[in-house]
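In what follows, a single structure is set out as structure tokens and then discussed.
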Amino acid sequence: MCGICGFTGQIIDRDQTIQNMTEVITHRGPDDSGFYKDDFISMGFRRLSIIDLGAGHQPIFNEDKTLVINFNGEIYNYQEIRKELLQLGHAFTTQSDTEVILHGFEQWGEKILDKLRGMFGFAIYNTKDHSVFLARDFFGIKPMHYTQVGQSFLYASEIKSILQFPGFEKNFNYKTLDRYLSFQYAVPPETFFEGVYCLLPGHYLWYRNGKTEITRYWEAKFNPDATMTEQQAIDKIEQVFEDSVNVHKISDVEVGCFLSSGVDSSYVSTYFADQKTFTVGFDFGERYNEISWAERLSEKIGVDHRTKLIKSEEFWGSIEKVQYHMDQPLADPSCIALYFVSRLASESVKVVLSGEGADELFGGYTVYNEPRVFKWYQRLLPYRFRMFLYRQAKKLPDIKGRGFLMRGARPIEEKFIGNAFMYDADDKRRILKDPSIVTRPQDLCKKYYDRVKDYDEVTKMQYLDINLWMVGDILLKADRMSMANSLELRVPFLDKEVFKVAASLPAKLRVNRKNTKYAMRQAAMRHLPPETAQKEKLGFPVPTRVWLRDEKYYNIVKKMFYSETAQKFFNSDVLVEFLDEHYTGKEDNSRKIWTIYIFLVWYKIYFKD
């Protein structure tokens, strides 16, 4: 795992600039650094040594030094591809996966991407024609950002590298603020910095003759096999997942595993007998503390378990550091819990496996039950009458039945924008100083729904989450929080071969009356106690709603809501109204409050300090 960056063009202090861009991401790779420079490009690299510890220095060249690569990630089938390339006459100087990508690109061009199994973000420079090729993995596990400044093209693993470039004007992107308020993250490919973009998952980019050209090379397409039986599904999941975990464990350093009380990480952990696992929790009862669950399971599966209890003061004291590492505001409180569990793990290992992606691929979120739950309601009542009830329910306080009337009224395309929906267009107009920037989040989602018009509703939701929520939230925090602690995080569920099986499952084997992630849970139950395999999903539960009803933290947030920064963007009185409603117990506005608070903390770090 590494951090990479680079820029084209002749500028004053080129050496110092690439040094600065590379140093600011030292946390991604504290073990080594490397640079390449010619008359056209400067490339920087930070390395976290995992594979081929002695000879994996980058950048790496091909035989005649016409191609140069810097690479972030891991390729799990590189040895197979290496054998094929050796038979084709390629000569290698290292045992690293990085060199395999380079020779593969030399042999097959962009088609090398179809052969790779792993996570990656890399740049290849052609010294003869001065072209630059960027690529990002299938699901977006590893990041890649890019921009143009004058005649220079820049790329980097993290935006903070780009901010070091002389002449880069740091302008705030108001369009992204509008979207963030609905989704709780910056919706890719846009970022909060005008002109800076993230390369989307499954895409590659060519920079040639001053122009960029972006192409999609892979898409997460579902092809359910209606003839598949439950037993066949369970067998296939177990077989492909075991294979994925085994290849994800390949390393020249010790590998550990995150362990929560849920089925995803627990299933991964069953392949870690006598190895280290890690859990964090909060001192707020079992709802917010998975440690006791994880400890009981660790005894049953025979792992060496490590835990940490996060204190309230620690959590709040880490918010600024976490948002600095995120590059962009992310209002998912679990990213801070992920920071602490990554820090805990980094004290013992360099690599961990984790359970991200299982919910999106196998249908694990509770919200995926809605098409089944609301089917009778939507058949019984015509759309206009449902919408009348929706408008009336919206005026009610947070009482039982209100959510049903609101969620059941509209079709999936109108109500589901992903696993987080913070502010709708009406709410945004209330809180924003400039309501002219407001758009409907549903309009942004339309292009994704249009691609899958023939899918059933559950699969539509999964497809949307894979393309938005998973990229903008789940994988962003996984990368940034692990890398902030110089820890490589690997995700065996997000494997091309695992996805092939998940995509072939009939919808009824993903979500049904018995459970979410039904077939996957049945496969896990061959390795786990039933109470773990069937346990309701919690995620990383964080007690924000409790803290925001505590006077100490209420006052911290209230002060921020009346700050100069808040008043630049928002109607502070409306924000405090939301805060007071929550503080008094009238409403649960915790997620809405957190969304604004995190944005203000982030803005202070990147635009004020």
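Every residue, even glycine, has its Cβ placed from backbone N, Cα and C.
CYS2 (active site, for GATase activity) falls within a strand when secondary structure is assigned with DSSP. Among the features that TrEMBL reports, active site, for GATase activity is placed at CYS2.
Positions annotated as L-glutamine binding site by TrEMBL: ASP97. ASP97 (L-glutamine binding site) is surrounded by 26 other CB atoms, counting those within 10 A of its CB over all protein chains shown. According to DSSP, ASP97 (L-glutamine binding site) sits within a helical segment.
Taken from TrEMBL, the feature ATP binding site applies to VAL280, SER354, GLY355. DSSP classifies SER354 (ATP binding site) as coil under the three-state reduction.
Among the features that TrEMBL reports, domain 'Glutamine amidotransferase type-2' is placed at 2-210.
Summarising the annotation, TrEMBL assigns site 'Important for beta-aspartyl-AMP intermediate formation' to GLU356. Under 8 Å, Cβ to Cβ, and six or more positions away along its own chain, GLU356 (site 'Important for beta-aspartyl-AMP intermediate formation') finds ASP264, MET470, ILE474, LEU475, ALA478, VAL491, PHE493, LEU494.
Counting other Cβ atoms within 10 Å of each Cβ, the recorded positions CYS2, VAL280 show the lowest value at VAL280. Maximum intra-site Cα distance, ATP binding residues VAL280, SER354, GLY355: 15 Å. A Cα-Cα distance of 21 Å separates GLY355 (ATP binding site) from CYS2 (active site, for GATase activity). Rounded to a whole number, the distance between the Cα atoms of CYS2 (active site, for GATase activity) and VAL280 (ATP binding site) is 26 Å. Geometry remark: SER354 (ATP binding site) versus ASP97 (L-glutamine binding site), CA distance 22 Å.
Cα-Cα distance from ASP97 (L-glutamine binding site) to CYS2 (active site, for GATase activity): 13 Å (rounded to the nearest whole number).
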